[in-house]
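Features of the protein shown, as given by Swiss-Prot:
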REGION    2-252  region 'Aspartokinase'
REGION    253-463  region 'Interface'
REGION    464-810  region 'Homoserine dehydrogenase'
BINDING   N468, I469, R501, T549, K573, G658, E661, G791  NADP(+) binding site
BINDING   I469, T549, K573, G791  NADPH binding site
BINDING   E661, D672  L-homoserine binding site
ACT_SITE  K676  active site, proton donor
Amino acid sequence: MSVIAQAGAKGRQLHKFGGSSLADVKCYLRVAGIMAEYSQPDDMMVVSAAGSTTNQLINWLKLSQTDRLSAHQVQQTLRRYQCDLISGLLPAEEADSLISAFVSDLERLAALLDSGINDAVYAEVVGHGEVWSARLMSAVLNQQGLPAAWLDAREFLRAERAAQPQVDEGLSYPLLQQLLVQHPGKRLVVTGFISRNNAGETVLLGRNGSDYSATQIGALAGVSRVTIWSDVAGVYSADPRKVKDACLLPLLRLDEASELARLAAPVLHARTLQPVSGSEIDLQLRCSYTPDQGSTRIERVLASGTGARIVTSHDDVCLIEFQVPASQDFKLAHKEIDQILKRAQVRPLAVGVHNDRQLLQFCYTSEVADSALKILDEAGLPGELRLRQGLALVAMVGAGVTRNPLHCHRFWQQLKGQPVEFTWQSDDGISLVAVLRTGPTESLIQGLHQSVFRAEKRIGLVLFGKGNIGSRWLELFAREQSTLSARTGFEFVLAGVVDSRRSLLSYDGLDASRALAFFNDEAVEQDEESLFLWMRAHPYDDLVVLDVTASQQLADQYLDFASHGFHVISANKLAGASDSNKYRQIHDAFEKTGRHWLYNATVGAGLPINHTVRDLIDSGDTILSISGIFSGTLSWLFLQFDGSVPFTELVDQAWQQGLTEPDPRDDLSGKDVMRKLVILAREAGYNIEPDQVRVESLVPAHCEGGSIDHFFENGDELNEQMVQRLEAAREMGLVLRYVARFDANGKARVGVEAVREDHPLASLLPCDNVFAIESRWYRDNPLVIRGPGAGRDVTAGAIQSDINRLAQLL
């Protein structure tokens, strides 16, 4: 087990802030506000040097050896900048103390420069901006009432000098643990970018070293999440400065992020992700200027990739070309060079392999090309090395992109007429790259983004359940399919119809208007495992499970559906009303994989009750109570029941008309109403268990088991009981209704109540549902939603509504 895997500090998080997030007084105060809102005591911060401090230090260092007057001017600019920051953020007495410490540092660094520059002096001077940032940020947090301490990472991070220094986890871990226990309950502000070698010298951690040190420190400290705050909200589908309709990606697979970083995207660096790969850390990218405007979370998700997620480009790349002599084995030479580059940790962005010309081409950014060329030159391999500059690169990144024929085709289409030097795809199929002889690439990236991401997506739909609701939805979908596609820009394909025993499946799509007729003749018996394998191998951009069953077995598969990247639209209430632990697991699984679980059809059929409750909560309201008639079936029964027809005969009529659940006892038992109440209460933000609801069942105990026919044949007891209750209510001038109630104190019940004839719950049309929402905003005059709450048409319409909503989310 690695040191990282052993580290453990449950709940602790780490926040990293870059130089642009600490550029001035306002920025520091904004960061302090973020820490107040988004962090807890014992959380950690890693900070970069403020603003352009690092560049100023490099300038000062270089000029100190050639132009002492200019060096002094840079030093004074740096001094004014840091002193202005300190004075603008702290009270005079505390500011004086920090300014004194800063001036002392500056004088010591100046003395170092006078004695000459070597690697150790360079690192000591250039890495000092982080020390000043951490010291000042700690003081600002304390001033804001957030107990904090600062920590110089050189006290525990151990790394030896190299082109890409690697932190020695074995040496660093115990040193950090000793320091962590010394500051209980405080936010620890740690310097980024710097470490120390065994000789006691400062070692810089290289390009993007602060981000790398943040994830490395987070892994050593055992944090649950590292959030990198910068001036962008996360990873976009393209550079938003080049592509105006680029969209923020809320979730990115770790392998996709790693490939994007390998391709030198500015928002990510490959070394930043190394500690994430070897630990259980979740990595989040967020904007410090607009923290509530979305983010990108990088996780180890199970959802299968189906194509490109990002297009990226570079307008300044180089090619190192190696001409293998005709007398040498070309494949052997390629293998040897590949091993040399891997050992030196300078992997190329792309490789051009030209067997016919005995030519190898290695693509690098201009910053890395000279180092790679030097490494290959020093290797002394037989052959000719040369460097070509001024080339460009475009790439598509996404798990499965090279296996997506549509995306590949559009990539090649966009490259037509372009000066392509060579194309390349990564071994794991996550990227497709083209190196161009000339740039710029902006118009090419715009066209590629438009072609890949705004073109029509194919959405596969698999319908589980072909009874009343399923058959009616098929009719509705057949009518609306073309309109839906035109409105959303997606192609919706009915890929399958499944019942409890058989399935009719086709990747090419089924005709919804004739699917049921074909089902009877062509459906085959299929076990659960083979059906699941068929679904996992789907060719669509997204697959949606439509669950219009009342099956517990299917509800139990929602976790698997989420983990394999399927969306679920449900009229089945069993998952939404399961115990809290299972319910949270399902919700978390869909959130983690970036898939959606929509269930508007579970309550109120087509009425927008779930949406309304969710909108009130999201807008800042608090739900105090919810009451009403939640069952269109029971609404119809109690409005029809006047004593002239036996109650069970009315139940039979409702069953024949498709107004009830497949087993009408599910309605009469109150379980269906209870599930709706639990779903609504949870939507309102309350943690309620199904067994907390007091339920009055109308099903006699001796009829709970057995067949439906047995229930209808033995309904005398229920009929007699209902007549007695009806007569008792009439004597008081009241009417009977089956009512559900829940309040903020956790009291919940469903059952028969006698209410006044002028009560909102009394004056209904048959099959109507009524929902009365009392909230902080609607305390004196409850918000009432009323309308048809049972029947095939309205429930099928609710399923269709959620398909529309899913299209918007996608």
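Placed from the backbone N, Cα and C atoms, the Cβ positions cover glycine too.
Just so you know, of the binding-site residues N468, T549, the Cβ with the fewest other Cβ atoms around it within 10 Å is the one at N468.
Comparing E661 (NADP(+) binding site) with D672 (L-homoserine binding site), their Cα atoms are 9 Å apart once rounded.
Taking Cβ-Cβ distances under 8 Å and a sequence gap of 6 or more within the same chain, the neighbours of K573 (NADP(+) binding site) are A550, Y599, T602, V603, D672, R675, K676, I679.
Cβ neighbour density within 10 Å is lowest for R501 among the recorded positions R501, K676. Mean pLDDT for the region 'Aspartokinase' (2-252) in this predicted model: 92. According to its DSSP assignment, N468 (NADP(+) binding site) is helical. Neighbour list (I469 (NADP(+) binding site), Cβ cut-off 8 Å, at least 6 residues apart, same chain): V548, A571, R792, T795, A796, I799. Packing around E661 (NADP(+) binding site) is summarised by its Cβ count: 19 other Cβ atoms lie within 10 angstroms of its Cβ, all protein chains included. Using a 10 Å radius centred on the Cβ of G658 (NADP(+) binding site) and all shown protein chains, the other Cβ atoms total 17.
Around D672 (L-homoserine binding site), taking its Cβ as the centre, 24 other Cβ atoms fall within 10 Å, counting all chains.
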